[in-house]
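Since the structure comes first, as structure tokens, the remarks are kept for the end.
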Amino acid sequence: MNSTEITQNTDVPSHFRSIKTFVLRTGRMTEGQKRNYEAFYQKWCIPYTESPIDFQTLFQNDNPVIIEIGFGMGTATAQIAEDNPDKNYLGIEVFKAGVGKLLGEIEEKKLNNLRIIEHDAIEVLENMINNESVDGFHIFFPDPWQKKRNHKRRLVRRPRTDLLSKKLKDGGYIYMVTDWENYAEDAFEQLSETPNLKSKYEKFAPSQSWRPTTKFEKKGLKKEHVINELIFEKD
């Protein structure tokens, strides 16, 4: 094992590992999502294991790798992958309906540069992703966990941001978008305190034209929420 490879279960303290950043809802899958899941899971999904992924073997190239944590229904994920065939994308999601929906998009558009892992993202990062192997993280509209007592569950919070930083290559980035101002302020503070990360902008980033509008973004705008974007880079 070289110095850049993972050391299992050492990045996030044990008491934090029991704190989940999501609630596993049991929503129904549509018939189409079920068909996609059954037909294409083995083709486009990577089973969770405690062995690191070799991205060059997986994608059959050495293109940059971007990981999206919590892709929802995956519409924006598929669009970004389609628009950027020179980059590889790994989407991590726990909700079967979203996995089923995105599987259909991947198959229909033949997105050979996109794969899925259906599992808890923190465990995936700890056990399947080598240190200094990722070119970027996309975190679009994560659960804001609005009540103060639940802020510890937020994905963009230390020590989870320390874990993200360790997985990034030098020059890699974390791109977060949220419509909850309190979360944006908190995330900026947490990321600013994370070793080796620095904001690309004085504070919030301008809207990135290449990012498609998501369903959650439309809901936030309908409620007149302000969309805040953060981009931090590893130096």
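Just so you know, glycine gets a Cβ as well, placed from its N, Cα and C.
The active site annotation in Swiss-Prot covers Asp143. Under DSSP, Asp143 (active site) is assigned to coil, being neither helix nor strand in the three-state scheme.
Annotation comment: Swiss-Prot describes Glu68, Glu93, Asp120, Asp143 as S-adenosyl-L-methionine binding site. Secondary structure at Glu93 (S-adenosyl-L-methionine binding site), taken from DSSP and collapsed to helix, strand or coil, is strand.
If you take the C-beta of Lys215 (substrate binding site) and look for same-chain residues 6 or more apart in sequence within under 8 angstroms, you find Gly72, Met73, Thr75. If you look up Swiss-Prot, you'll see Lys147, Asp179, Thr214, Lys215, Phe216, Glu217 marked as substrate binding site, on the strength of sequence analysis.
If you take the C-beta of Phe216 (substrate binding site) and look for same-chain residues 6 or more apart in sequence within under 8 angstroms, you find Gly72, Phe140, Phe141, Asp179.
If you take the C-beta of Glu217 (substrate binding site) and look for same-chain residues 6 or more apart in sequence within under 8 angstroms, you find Phe140, Phe141, Val177, Asp179, Ile227. Here the candidates are the recorded positions Asp143, Lys147, Thr214, and by Cα distance the one nearest Asp120 (S-adenosyl-L-methionine binding site) turns out to be Asp143.
When secondary structure is read from DSSP and collapsed to three states, Glu68 (S-adenosyl-L-methionine binding site) falls in the strand class.
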